[in-house]
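J.: Quick one: structure below, then a few questions.
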Amino acid sequence: MLATRRLLGWSLPARVSVRFSGDTTAPKKTSFGSLKDEDRIFTNLYGRHDWRLKGSLSRGDWYKTKEILLKGPDWILGEIKTSGLRGRGGAGFPTGLKWSFMNKPSDGRPKYLVVNADEGEPGTCKDREILRHDPHKLLEGCLVGGRAMGARAAYIYIRGEFYNEASNLQVAIREAYEAGLIGKNACGSGYDFDVFVVRGAGAYICGEETALIESIEGKQGKPRLKPPFPADVGVFGCPTTVANVETVAVSPTICRRGGTWFAGFGRERNSGTKLFNISGHVNHPCTVEEEMSVPLKELIEKHAGGVTGGWDNLLAVIPGGSSTPLIPKSVCETVLMDFDALVQAQTGLGTAAVIVMDRSTDIVKAIARLIEFYKHESCGQCTPCREGVDWMNKVMARFVRGDARPAEIDSLWEISKQIEGHTICALGDGAAWPVQGLIRHFRPELEERMQRFAQQHQARQAAS
């Protein structure tokens, strides 16, 4: 998802201290993965059970929600901070800290929670599984998150193409209202909280939080300059927090089972469980919930049935959705699937959408296709993105044929660096990073293709 992010280097405001899950005296874990069924938060990920209210209640949703609400915002925020939960939409920003930005003295304006369900990142399909098969878990998360930040209502902005998901969500909202779980005096807690659904229109750019807010307000989905940040001036000019579907949906379970329980999974600063999408050249593509910091190789071999043709047939993996740089097989052997480990590997966790490519893949053509996507989805507001991504798209089309000179590889790298970090939102970064990953790890393939094209061109000239 096009997040509110700079994936490879987010920073915190000055004088803000963050407590991550690893700030304890407990012995550090050294192995990760093999999540037990009793520790899974999403128990209907594959839609094998009833997704309506009756089925959700039987699986533990809405259990003692009233007690959670009555404990108040400070307690909820404390548990979220203790858990070490970081944003699951790509940014990886500490959720407890982000939600606490809303807890300022009221100036009379209502506060809102906006849930980003505009899942448009190629390769990513985790949030739609929650919307389709566990909508009540999301609604309960909206209520708990809204209580934590004193929000009056939640707006769930759902991708326009998600027709069935939106339909299920609307049914779940109606059930929750009829049961008194949301609305006036939600769960009998004395807290009033409404939930509204807003349908998108198929624009990838609206996955960026301020473009999403613009779209909710009925305007063109174009990112806003920041500051002011949404926590000060968001939807309808009111304080707003924009959060990912998965981030919101796990919050009630964290409050019920305790932040310390959630922090017990994964490495320091990378705690909890996570939904991973595994697609591409694997035997059994799937969406699976696993422990953070699970080895990438184990994730593919255990849950997706392995790479087609065996592990030795692996060429490269895009580990976090199309906007994250690819990594070759040599890196995939040992890398862990969490924020910090993938940053060290010069890529990112992103949305944890693992795209596997075997040796049959034309890696240059694959990356060129991604650049074409970003060129198509650019809103055109920023010159580096509008002009730079269009230029990269044209150059990559020539690179696919080999119709270029080796010196142009360096020019492409330089242009990608000029786009990165010089745009209002992160779409420019998302277009630049796949190119950088390709050049970093597959430059010899580019040069060989150019050499082959030049030889064929010379042969044709000689023949004529």
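Backbone N, Cα and C atoms are what each Cβ position is placed from, and that goes for glycine too.
OK, Swiss-Prot features for this one:
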- G87, R88, G89, G90, A91, G92, F93, P94, T95, G96: NADH binding site (BINDING)
- 199-247: FMN binding site (BINDING)
- C379, C382, C385, C425: [4Fe-4S] cluster binding site (BINDING)
- K81: N6-acetyllysine (MOD_RES)
- K81: N6-succinyllysine (MOD_RES)
- K104: N6-acetyllysine (MOD_RES)
- R257: omega-N-methylarginine (MOD_RES)
- K375: N6-acetyllysine (MOD_RES)
- 1-20: transit peptide (TRANSIT)
J.: If I take the alpha carbons of R199 (FMN binding site) and G87 (NADH binding site), what is the distance between them in whole Å?
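T.: So the alpha carbons of R199 (FMN binding site) and G87 (NADH binding site) sit roughly 22 Å from each other.
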J.: Around the C-beta of C385 ([4Fe-4S] cluster binding site), how many further C-beta atoms are within 10 angstroms, looking at every protein chain?
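T.: Looking across every protein chain shown, the total is 26.
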J.: Round to the nearest Å and give the CA-to-CA distance linking G89 (NADH binding site) with C382 ([4Fe-4S] cluster binding site).
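T.: One finds 23 Å between the Cα atoms of these residues.
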J.: Closest to F93 (NADH binding site): which of the recorded positions K104, Q220, P227, R257, going by Cα position?
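T.: Considering only the listed recorded positions, the nearest one is P227.
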J.: Residues other than C379, C382, C385, C425 within 8 Å, Cβ to Cβ centroid, of the [4Fe-4S] cluster site?
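T.: So the additional residues around the site are I205, K222, P223, S378, G380, Q381, R386, T423, I424, L427, G428.
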J.: Reduced to three states, what secondary structure does DSSP give K104 (N6-acetyllysine)?
T.: coil
J.: Using the alpha carbons only, what distance in Å do you get between C385 ([4Fe-4S] cluster binding site) and C206 (FMN binding site) once rounded?
T.: 16
J.: Taking G87, G89, P227, G234 as the binding-site residues to compare, which has the smallest set of other Cβ atoms within 10 Å?
T.: P227
J.: With DSSP assignments reduced to helix, strand and coil, which class does K81 (N6-acetyllysine) get?
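T.: Note: K81 (N6-acetyllysine) is helical by DSSP.
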